[in-house]
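Pulled from Swiss-Prot, these are the features on record:
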| type | residues | note |
| --- | --- | --- |
| TOPO_DOM | 1-16 | topological domain 'Cytoplasmic' |
| TRANSMEM | 17-37 | transmembrane segment |
| TOPO_DOM | 38-281 | topological domain 'Extracellular' |
| DOMAIN | 152-228 | domain 'Cache' |
| TRANSMEM | 282-302 | transmembrane segment |
| TOPO_DOM | 303-661 | topological domain 'Cytoplasmic' |
| DOMAIN | 303-355 | domain 'HAMP' |
| MOD_RES | Glu370 | glutamate methyl ester (Glu) |
| DOMAIN | 374-610 | domain 'Methyl-accepting transducer' |
| MOD_RES | Gln593 | deamidated glutamine |
| MOD_RES | Gln594 | deamidated glutamine |
| MOD_RES | Gln594 | glutamate methyl ester (Gln) |
| MOD_RES | Glu629 | glutamate methyl ester (Glu) |
| MOD_RES | Glu636 | glutamate methyl ester (Glu) |
Amino acid sequence: MKKILQLIKQRSITRKLLVSFLSILIIPVVILAIFAYQSASSSLDRQMMGSALENVQQLNEIINTSIGEKENSADYFSEWLTKEKYNAKSNASIAEKFSQYISINKDVESIYTSDTKGHFTRYPDLPMPSGYNPVERDWYKKAVANKGKVVITDPYKTASTNTMVVTIAQQTKDGSGVIAINMTIENLLKTTKKVNIGTQGYAFIMTKDKKVVAHPNEQSGTELKGDWLDKMLSADKGDFQYTMDGDKKKMAFDTNKLTGWKIGGTMYLDEIHEAAQPVLHLALIVLAAAIIIGIIVMTLIIRSITTPLKQLVGSSKRISEGDLTETIDIRSKDELGELGKSFNNMASSLRSLIHAIQDSVDNVAASSEELTASAAQTSKATEHITLAIEQFSNGNEKQNENIETAAEHIYQMNDGLTNMAQASEVITDSSVQSTEIASEGGKLVHQTVGQMNVIDKSVKEAEQVVRGLETKSKDITNILRVINGIADQTNLLALNAAIEAARAGEYGRGFSVVAEEVRKLAVQSADSAKEIEGLIIEIVKEINTSLGMFQSVNQEVQTGLDITDKTEMSFKRISEMTNQIAGELQNMSATVQQLSASSEEVSGASEHIASISKESSAHIQDIAASAEEQLASMEEISSSAETLSSMAEELRDMTKRFKIE
């Protein structure tokens, strides 16, 4: 990497741009091509593995369907076959049942049974090899050993027809024999051979003992070999990659639960790579086209950059040789065009600068001569300044003595003002306290006025209530007078009634008694009314007495209100006068404080003037020394002016090498 960077650094800008553009163009396209190829390969891999799994599952379902039907049939016959049927004189009923079953199930090669004594019945009835004993056969032994459970044998060739079959066997329910069904695997072989995974991939079925059940390239019953078989037998289902006969393959497998057979679907990895090749070829074509188009575009871009740069390099060389009349013509509107304009502006600025330098050189030469003459005049003026400073220093010392005397008098005046300010502050504080006390008294009087008003209002309300009682009492008196009149009339009526009753004789006696009772009640009512009237008269007298007292209280309350109003006004005037006095005292205190502060400022200013005067004396002495130093400096300036004049001549000679017109 370091070598590549060093090579780029040593090359021209054209090659640097070319390498940079090609890197930016090629690297992303190459990465995109690789990614597209890998993505296509992964997608094809998933599709083919999905197809393999689907085919494996279909074969598994076919096995379940075929074997499941035969298991159901075996279970049916194991219950139908009994010891009585085996011991019958003829097995015609068994043969007829088997014939019906064979006619319905075309994938059954034969169905047969044997009891424990070896009596064998089969349909179709084909000749068996000599010495054939069904009780010694594996299918019989396995069925008896599993006691009523269905057993499935590995594929084998029958002794009678040499056909590859699978036997499904089961012991009868009463244990008197075994029923067995030979199912051909021809349909399973055809279905397996029809399965295509990709173009070369295939499916197969094998037993747990690695023997072929169905395989497009191997005979049924053949034992398969290879390390990859252990991966299939170590798990119920899954997928893995393996190598067989130098070919890289990938397999998906599953296990049939009824038989324990392994069902596998294998595909060649080369097919995935071959299927993904068109994607890679297309990516390479796109890469080549992109590179060609990119080179054309890059060439135009690089030329648009390098051509103005070459013009700038040539013009820069001529300017470095002193030719400031050089200009550059770049018409592009990009950064290079701006650079060309800036370059021309720089050349113009340099020309102006050289003009200015030449003018300045002439001015410097003339100024140096004037400076030499001015230095001589300044030296003479400095001598006069030195004499004047000495005279000023003597007068300044007398002024310092006068300032110190004035400062002492100001200090004494400042002490008096300070004492006056403190006294005025004490008086002001006392006035403020008086104002606060007067204000509190005014508030108390105001509260008293409010309370007196409340009392006045209550007295007036009570007076109104008593007057109402007087009116009601008079009304009651009038009512009692009416009652007395009624009682008198009732008494008179009772007398008249008694007289009339006496006249009536015996008939009016009862009425006479009633009239007497009425008269008595009238007399009692009149007496009670008189007593009530007497009480009412006394109440009216008491009410009149209360009214007189209320009027007296009301007058006293009014007198108290007038007095409290006058007192409140007096407190207000006291408070206002006290506030006015406090304000005046505060103004006086502020004035005294201002005078005190002003005297302090004057005192400070006097001290400051004295110190400045002393400093001025010291500075005057320093100025005198500086004046002497200035005389020496003027001599150095005169020498420097001569040197500056010679340097201006040298600078004029240097600017002559530049061509500006």
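For all residues, glycine too, the Cβ spot is worked out from N, Cα and C.
Computed from a predicted structure; not experimentally measured.
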Mind tallying the domain 'Cache' (152-228) by DSSP state, helix then strand then coil?
10 helix, 31 strand, 36 coil
Per DSSP (three-state), Gln594 (deamidated glutamine) is helix
According to DSSP, does Glu636 (glutamate methyl ester (Glu)) fall in a helix, a strand, or coil?
helix
